[in-house]
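Lifted from Swiss-Prot, the feature list:
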type: BINDING; residues: Phe27, Asn129, Phe329; note: substrate binding site
type: ACT_SITE; residues: Asp80; note: active site, nucleophile
type: DOMAIN; residues: 155-303; note: domain 'TRUD'
Amino acid sequence: MIAFDQLTWLHGKPQSSGLLKANPEDFLVVEDLGFAPDGEGEHVLVRILKNGCNTRFVADALAKFLKIHAREVSFAGQKDKHAVTEQWLCARVPGKEMPDLSKFQLEGCQVLEYARHKRKLRLGALKGNQFTVILREISHRQDVETRLQAIAERGVPNYFGAQRFGIGGSNLQGALRWAESDAPVRDRNKRSFWLSAARSALFNQQVSIRLKKTEFNQVVDGDALQLAGRGSWFVVTPEELEVSQARVHNRELMITAALPGSGDWGSQRDALAAEQAAIAEETSLQALLVREKVEAARRAMLLYPQQLSWNWWDDVTVELRFWLPAGSFATSVVRELINTTGDYANIAE
């Protein structure tokens, strides 16, 4: 299995070193749900600014304040403890008066707004995240500047970030141990983390190998192409290659790679053969995903940071601003800019 720090770079390995997350304020994440609260319903959406608190900890504290069970508080995505993050929590409080959440107090947290909502906020039910990232102690400003311009034009590989695999790769190691054992894993959190790490590693490996072997954004026969900004996709035929290539170049379509699991992977012919060959040696992880009935899916291989801008504070410090769709990782952008020093495995998704 290819380690995260050895995955192929789209723009070549960075020449510059740099410091990521010198302090929590250097990494700001603002969650974008893509919708506003309904203003009525049995749930309450709460927008919280937090620093030094992980999402589950805040959710449990909110449940305690409202005197409801912890499972009645949900969120769209996990946000890291070691960052400044703004996100929504959702509490189910039916048949009750509107709680006064201005009285909710937790060190490092501030309630920004709250309102009634008709539906539960479910995991993954967000549009994306707005990031502000400050990189410090940059050793080669011009190399970073050139790479930023290239990223604006060509994007970055849509790798799952190191945080998906746990500190020291613990989630992936757990998946590998589980794959080699017949013993069931009953802890729901461990199951979720380990299966996610397994599938993410297999995806990353496909992308890395394709990037190394071929022109990364070249459509091949049988590729599954995704409509930009949407989850639907179709398989390209030989007759459609030329037209599809033009649409990929214009960012109307995105080439995808497999998120392996049970069922049809989605690609066909040359593309399917290449995907299977890329992870052919990872038989135990593939078998685990099938055994646990994780359904196969697709994910775009390229990621284009939207609204990308940057501002050099001085020759060694740059502030980046960009928006990423849900499920994408800011670390996949940063790794194309600098060889990082800092907390890579504990960054918010």
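Glycine residues also receive a Cβ, built from the backbone N, Cα and C atoms like all the rest.
Once the Cα atoms of Phe27, Asn129, Phe329, the listed binders of substrate, are compared pairwise, the greatest separation found is 13 Å.
Phe329 (substrate binding site): 24 other CB atoms within 10 A of its CB, across all protein chains. Note on the domain 'TRUD' (155-303): its mean pLDDT in the predicted model is 94. Counting other Cβ atoms within 10 Å of each Cβ, the recorded positions Phe27, Asp80, Asn129 show the lowest value at Asp80. You'll find the Cα of Phe329 (substrate binding site) roughly 12 Å from the Cα of Asp80 (active site, nucleophile). The two recorded residues the residue listed as 'active site, nucleophile' and Phe27 (substrate binding site) have their Cα atoms spaced 10 Å from each other. Counting residues per DSSP class in helix, strand and coil order gives 74 helix, 24 strand, 51 coil for the domain 'TRUD' (155-303).
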